[in-house]
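Quick look at what Swiss-Prot annotates:
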| type | residues | note |
| --- | --- | --- |
| BINDING | HIS17, HIS19, LYS103, ASP251 | Zn(2+) 1 binding site |
| BINDING | HIS19, LEU20, ARG21, ASN45, HIS140, LEU223, HIS255, ALA267 | substrate binding site |
| BINDING | LYS103, HIS140, HIS178 | Zn(2+) 2 binding site |
| MOD_RES | LYS103 | N6-carboxylysine |
| ACT_SITE | ASP251 | active site |
Amino acid sequence: MTAQPQVLKIRRPDDWHIHLRDDDMLKTVVPYTSEFYGRAIVMPNLVPPVTTVAAAIAYRQRIMDAVPAGHDFTPLMTCYLTDSLDPAELERGFNEGVFTAAKLYPANATTNSSHGVTSTDAIMPVLERMEKLGMPLLVHGEVTHAEIDIFDREARFIDTVMEPLRQRLPGLKVVFEHITTKDAAEYVRDGNELLAATITPQHLMFNRNHMLVGGIRPHLYCLPVLKRNIHQQALRELVASGFSRAFLGTDSAPHARHRKEASCGCAGCFNAPTALGSYATVFEEMNALQHFEAFCSLNGPRFYGLPVNESYVELVREETTVVDSIALPNDSLVPFLAGETVRWTMKR
């Protein structure tokens, strides 16, 4: 039997999908990402959303102000697409190196998405400009029609929105974010080099039973919602295969405890403190640690056309108990896997 590795040394990873929020929350959560990641694609769903170059520059500065001394971290900013967005503003931001990508939220699909896009037809001039520029489109892939069951919204999105869009704009670079279904895993796997996907730790580790059986676990509630185990297994098999167009995107989405543990709780898992160890655990369970570094550190830069990070990080096999909560000025944050014992720990 092969001896278990005790240390995993990988190139410094990047997080290709994260929510850093703003104000006190921003100051609290940024260090958990900047300590170990070289770059992160920062979601623009603030209130109001980041829709201009000036807003993105200002937000980027607030993020950098929250990065502790000694951390080597670069936030990559995104533009929030709206029906009224000017293509020229998007192009200027991309050409000036302010916007790395643009984010399509179907209106009301998730937290702070009420300004989102009503239909791809409404933003076709913007999408055509992005295709011409080679600018990546990041997609929250769910339809939002009230009559569509929440567990079916991703699969329906592929058929009714994603595939027609990619047929219409075949040169458009698309990241299908936080995929959660067998349908999406197969769709991305069978796609061409212009289609990639991010996958979160929670969708690899858990399915809807973990969230709903024996009591409801609000800190596993995120959007897209956890699906049944056959979908979880399809995601695990995709990453374990070494598929090169799937990469790390935590979708870490912090909410204060009172907003999660509520009669109408918010969607999102704050997984930044525990994500890398969680991914390592999944890859080890799937006997696929040989593909772990590529998923975390190589596949994303290749798709985005960016250099890989030069430095390295290490995870050590050391059982650690995740803290129950993290202090906020007037509340607390509950991290993903709070109170649980984890197998892999980041070496500081």
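Backbone N, Cα and C define each Cβ position, glycine as well.
These numbers come from a predicted model, not from an experiment.
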Can you tell which of LEU223, ALA267 has the most other C-beta atoms within 10 Å, given these are the binding-site residues? LEU223
Tell me whether HIS140 (substrate binding site) sits in a helix, a strand or coil according to DSSP. coil
For LEU20 (substrate binding site), which residues in the same chain are close in space, meaning a Cβ under 8 Å from its Cβ, but six or more apart along the sequence? LEU26, VAL29, VAL30, THR33, ALA40, VAL42, MET43, ILE63, PRO75
Greatest Cα separation in angstrom, residues HIS19, LEU20, ARG21, ASN45, HIS140, LEU223, HIS255, ALA267 binding substrate per the record, works out to 19
Could you check which of these binding-site residues, HIS17, ARG21, ALA267, sit within 10 Å of HIS178 (Zn(2+) 2 binding site), going Cα to Cα? HIS17
Proximal but sequence-remote residues of the same chain as HIS140 (substrate binding site) (Cβ under 8 Å, at least 6 apart): LYS103, LEU104, TYR105, PRO106, ALA109, THR110, SER113, GLU177, HIS178, PRO224
